[in-house]
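Taken from Swiss-Prot, the feature ATP binding site applies to Gly282, Cys283, Gly284, Lys285, Thr286, Leu287, supported by sequence analysis. Under the heading coiled coil, Swiss-Prot lists 20-98, citing sequence analysis as support.
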Amino acid sequence: MPAHDDDIREGAGRSARGSDDLAAQVTYLEQEIAVLRRRLRDAADAPRGGRAVEERINELQATVAGLTSQNERLVATLREARDQIVALKEEIDRLAQPPSGFGVFLEDVGEGNADIFTGGRKMRVSVSPSIEGGTLRPGQEVMLNEALNVVAAFGFESVGEIVSLKEILEDGSRALVTGRTDEEHVVRLAEPLLESGVKLRPGDALLMEPRSGYVYEVIPKSEVEDLVLEEVPDISYLEIGGLDGQIELIRDAVELPYLHPDLFKEHKLRPPKGVLLYGPPGCGKTLIAKAVANSLAKKVAEVTGSDNVKSYFLNIKGPELLNKYVGETERHIRLVFQRAREKASEGAPVIVFFDEMDSLFRTRGSGISSDVENTIVPQLLSEIDGVEGLENVIVIGASNREDMIDPAILRPGRLDVKIKIERPDAEAAKDIFGKYVTTELPLHADDLAEHSGDRQETVTAMIQATVERMYSEIDENRFLEVTYANGDKEVMYFRDFNSGAMIQNIVDRAKKSAIKDFLDHKQKGLRVSHLLGACVDEFKENEDLPNTTNPDDWARISGKKGERIVFIRTLVTGKRGGDTGRSIDTIASTGQYL
């Protein structure tokens, strides 16, 4: 037993020396447990002493378990504190770092070096090994560290200044551009622009990064795109009624030179440069121009045997070209003809269509408060004359005031062919009605019964009755009484002011009446009474439209030329009843704004 006491005292000494360390305490307790176990074995013959030792062992084991759990919690706390300290240190180091700069990659010079542009200077710097060789592209944005070494690569610049392309230089990688104040700059073409395959044209708007001198992309200019519609309209000559003679003339002027160029060359016949379509409103001028482009595309495809042949229809909205800034309208006209030349150089026929031509190209010197036509007209004249040596381009103009267009535009050699689009007569009106009133429409049973159920005969009879109502010289059809300057008077009927647009409107009114009858009385189908009633409604609606304040100008727009008109009196009794005519007040001086 004395030996065992010595072991306990030795263990107690070790415990005292390690009281400040939890690990030392655990070791001490484990050793004491081992000593007690030995004592337990030695005291196997002494039962009472063994029970006391066993109780002591259990107490020590419970103490060890508690200290172990406490130790694990302390270890976890220390680990968490260490992680927080490391994160804070990293954050402090990150915040203490100097700012990173950006530059534009210019060229890879090998051996891990590259030329960049940053801070207004061109520099040769090292490239980080983390960036694979050959991945940097000219014009690309790169990140620089404190030592101005390339450490990361990004995309390409997406903001900057808008410049206008003047020309591509011989090396193909640089271009001459003009800025806002017409200053000229030589810039580099960024790789995305070179690889995009976009054909750069003089006048294109480009995105430039002014500090590095790179241009990155072509910016569409809405001011030009809105004025030009390159799609060929899906309208054929079959959809146009009552204008067979005019269609034949324009086909001879436009299609023959492109379909049979050898015959024209053999006869030394020069194709016409332009066509003027003139006449009163609503008679199909714009419709014919659209059909020309569609028909020309199909004819060229038939002759060449290829479905890939295109024709281009450049639809120029006249009033939208006008700009208050001097030279802007002329610039737009140049861009339009520049685009026409580009398309024509590819072998495709191009039609440049000016709608409402009188709004742009008025007679020079006729302006009251503006003289823009003094420069716009010469610009068009020079462009048309410039088309002389260029094949596959023709100019088509449409106007209802051809008397206001400058005579220099209308002379032979510019707009060679002049086609008047007349108001439809009775036969033409039947043809136009036939485009809108067809056998596919639902027809009333009573009307069908009158013609033995034959839909074609029913439609023909309905059109015949409607045209007779419109073109008969009866009192209900009297529209205006005009007084000329020489005192003569003339009665005009609604037929004198009929148009394809009015006929379409009459048919639409009749169809609407048929729908209302079906909803109210459950009687389905179009009737001749609907068409006749629509004629009356259309005539009534047009009663107040004649301009009695300046009847001569109104008559010119409506297609009535000749002796000057001084008075107009409407003969249709309107809602107010009585005479609605007014005489013309003669004013000595109206000033420049009237």
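In case you wondered, yes, glycine gets a Cβ from its N, Cα and C as well.
All features noted in Swiss-Prot, drawn onto the structure.
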{"residue": "Gly282", "record": "ATP binding site", "Cβ contacts under 8 Å, 6 or more apart": "Ser499, Gly500, Ala501, Met502"}
{"residue": "Cys283", "record": "ATP binding site", "Cβ contacts under 8 Å, 6 or more apart": "Leu243, Ile421, Glu422, Arg423, Pro424, Ser499, Gly500, Ala501"}
{"residue": "Gly284", "record": "ATP binding site", "Cβ contacts under 8 Å, 6 or more apart": "Ile240, Gly242, Leu243, Ile421, Gly500"}
{"residue": "Lys285", "record": "ATP binding site", "Cβ contacts under 8 Å, 6 or more apart": "Leu277, Tyr278, Gly279, Ala398, Ser399, Asn400, Ile421"}
{"residue": "Thr286", "record": "ATP binding site", "Cβ contacts under 8 Å, 6 or more apart": "Asp355, Ala398"}
{"residue": "Leu287", "record": "ATP binding site", "Cβ contacts under 8 Å, 6 or more apart": "Ile235, Glu239, Ile240, Gly500"}
| query | Where does Lys285 (ATP binding site) sit by DSSP, helix, strand or coil? | reply | helix
| note | Surrounding the recorded ATP site, with Cβ no more than 8 Å from the Cβ centroid of Gly282, Cys283, Gly284, Lys285, Thr286, Leu287 and those residues left out, we find Leu277, Gly279, Pro281, Ile288, Ala398, Ile421, Ser499, Gly500, Ala501
| note | Mean pLDDT across the coiled coil (20-98) comes out at 79
